[in-house]
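K.L.:
Copied straight from TrEMBL:
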{"type": "DOMAIN", "residues": "39-288", "note": "domain 'G-protein coupled receptors family 1 profile'"}
{"type": "TRANSMEM", "residues": "25-46", "note": "transmembrane segment"}
{"type": "TRANSMEM", "residues": "58-79", "note": "transmembrane segment"}
{"type": "TRANSMEM", "residues": "99-118", "note": "transmembrane segment"}
{"type": "TRANSMEM", "residues": "139-162", "note": "transmembrane segment"}
{"type": "TRANSMEM", "residues": "191-218", "note": "transmembrane segment"}
{"type": "TRANSMEM", "residues": "239-259", "note": "transmembrane segment"}
{"type": "TRANSMEM", "residues": "271-290", "note": "transmembrane segment"}
Amino acid sequence: MENQTTSYTLVLSGLSDLPSLQLPLFLVFLLVYLMTLTGNLLIVLLICTDSHLQTPMYFFLGTLACLDMGFTSVTIPRMLFDFHTQKRLISIQACITQIYFILLFAASELSLLAVMSYDRYVAICRPLHYTQIMHWKTCVLLVLGLLIFSMLYPLVHVLLLLKLTFCRLNPLQSFFCDLPQLLLVSCSDTFINVFLSLFLAILFGGGIFALTFCPYIIILNTIMKMQSKAMRSKAFSTCSSHLAAVFIFYGTLFFSYFHPNAKTNSAVDKVVSVFYTILTPLVNPLIYSLRNKIMKISLKRAVCK
């Protein structure tokens, strides 16, 4: 029997089936996409051109902005195309490719948030050794390491997906190709795929989660011991933006995949998916620019020039 992964076409359910909503949704998400690209690109340009922002903290922030632009570019252009054509058809090859890049950028963002936690730990708990520990070479190696890991991790899922046969006509209950949704429309035995997905999520996801939040236990303990209110306020300020980004990304991601009605409430899944794949990259620049005094000063300086 010929492997149907080479010719089978999938159907995405999209956000709405109502024809009257296609144009309004197209315009809304086009605006969101342009705002996301503009906000994150502005952060990257400010960090590259302003010498005051060329520190490890802002280097990681610029990397996060680049990942956000990539993450949102994996889903929104395809969504806009589906709003325009109203067909929502996608080939197996394109679907698996989209899954690869979604997993790549998701793993990269989670890993980078853990690296940024370590950076905040060194800055607050070991300030006298910060320049020696967070050297530029160290920062570059950390980013390269997480990118290599993030590129290799999705390959495991992709190689297993290529061995499956897809023959069901049920549409994927999402506006993009999601790994759990794709496994539901396969005619093959997906036990290994599901088991490996859970195993790797617990192994790597749990490890990254611990590396992200454990430093903050030490950070909060150090902040509470500070004598000066100004120092405590400054320390809280440097951590609050990062924590906000962490809670938004982890919160929507966990709710999307682990809430009790994950298999039955597709409408809720779609709304939550919009948050972590589309709105989080839009909100991150607002969090870091509006709450960061140095970033706002840099932006004013750039506007004056």
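First residue shown is number 1, and so on along the chain.
Quick reminder: no glycine exception, Cβ is built from N, Cα and C everywhere.
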K.L.:
The transmembrane segment (191-218) vs the transmembrane segment (99-118): three or more C-beta pairs under 8 Å (separation of 6 or more)?
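P.N.:
Output yes: the transmembrane segment (191-218) sits against the transmembrane segment (99-118).
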K.L.:
Would the transmembrane segment (99-118) count as touching the transmembrane segment (239-259), if touching means at least three Cβ pairs under 8 Å and pairs must be 6 or more apart in sequence?
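P.N.:
Per Cβ check, the transmembrane segment (99-118) touches the transmembrane segment (239-259).
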